[in-house]
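Below is one structure, written out as structure tokens; the observations come after it.
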Amino acid sequence: MEFSDELLASLRDARHIAVFTGAGVSAESGIPTFRDALTGFWENYDASTLASPEGFAADPALVWGWYEWRRTRVLRAEPNPAHYAIAALAADCPRLTLITQNVDDLHERAGSADPIRLHGSLHHPRCSACEAPYRLPPGIPDEPEGGRRVDPPRCARCGAPVRPGVVWLGENLPQAAWDAARQAAEDCDLMFSIGTSALVWPAAQLPALVARRGATVVQVNPAETALDGHAGYNLRGAAGKVMPLLLQALRRSRP
């Protein structure tokens, strides 16, 4: 894959790069996306019901079991070349802000520090009533391949069931994370949008905000998305292939 001189110059000259990642990045590590069909124990359930406050209120064991199954899948997965290239890019620019819609920890395991998590984390549950954080036991849960119902633990402070630390459908994004993401979008010289459909709002407005400011948007995606018209560069391909090649080209282009 070849990259234009203009793109490489924009990367070299950027004082602040923002990287916005979606489910497509984690999918290359074998993590199912939210739109993938459910399998095993979950095949007769709707993900939009499981990922909702109403679903948890109706059947906490069903919802907690689904998220423990998902967390198990994540902990058994490994970061892919896109995760590592994004982490390495931080050492090649004055400032890099990583914003992710993903709820796994693959960015951190690849070496990225302090990503802004718009949709929360599978690894940081909290009390469903008083919101006290709950510390998960170390290691990988002993969950069957197909999944199962699991009663959620109880909060040590108030006794209410612990809930997954993610943003469910209908819930607001964490205000601090959203404010930090918007600030990065308003300040950066260049934003990568990688592996995201650009359909999930309000997060999807971040690249469009960058484009409206006249800053550069670079989209990395194997398929067309709603962002195509806003992006200055559309790099077609899997992030795990495109990002390492782009990082190599950037380093070769430096004097």
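Please read every residue number as a count from 1 along the shown chain.
Each residue, glycine too, has its Cβ placed from N, Cα and C.
Annotated in Swiss-Prot:
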DOMAIN    1-253  domain 'Deacetylase sirtuin-type'
BINDING   22-42, 101-104, 195-197, 221-223, A239  NAD(+) binding site
BINDING   Y67, R70  substrate binding site
ACT_SITE  H119  active site, proton acceptor
BINDING   C127, C130, C155, C158  Zn(2+) binding site
Cα separation, C158 (Zn(2+) binding site) to L38 (NAD(+) binding site) (Å, whole number):
34
Other than C127, C130, C155, C158 themselves, what residues in this chain have Cβ atoms within 8 Å of the centroid of the Zn(2+) site's Cβ atoms?
S128, A129, E131, A132, A156, R157, G159, A160, V162
Restricting to the recorded positions W42, H119, C127, C155, N221, which ones have a CA within 10 Å of the CA of R70 (substrate binding site)?
none
Check C127 (Zn(2+) binding site) against DSSP and tell me helix, strand or coil, would you?
strand
If you count the C-beta atoms lying within 10 Å of each candidate's C-beta, which of the recorded positions G22, L38, H119, C127 ends up with the smallest number?
L38
Any idea what the model's mean pLDDT is for the domain 'Deacetylase sirtuin-type' (1-253)?
96
For N221 (NAD(+) binding site), identify the closest of the recorded positions Y67, H119, C130, C155, judging by Cα separation.
H119
Can you check which residues sit near S26 (NAD(+) binding site), meaning Cβ under 8 Å from its Cβ, same chain, 6 or more apart in sequence, and list them in order?
T33, A77, N102, D104, L106, G195
Measuring Cα to Cα, how many Å separate C155 (Zn(2+) binding site) from W42 (NAD(+) binding site)?
26
When neighbour density is defined as the number of other C-beta atoms within 10 angstroms of a residue's C-beta, which of the binding-site residues G30, W42 has the lowest density?
G30
Nearest to C158 (Zn(2+) binding site) in three-dimensional space, by Cα, is which of the recorded positions G30, F34, W42, Y67, H119?
Y67
Roughly how many angstrom lie between the C-alpha atoms of G22 (NAD(+) binding site) and H119 (active site, proton acceptor)?
10
Could you list the residues of the same chain, at least six apart in sequence, whose Cβ is under 8 A from the Cβ of F34 (NAD(+) binding site)?
A23, A47, A51
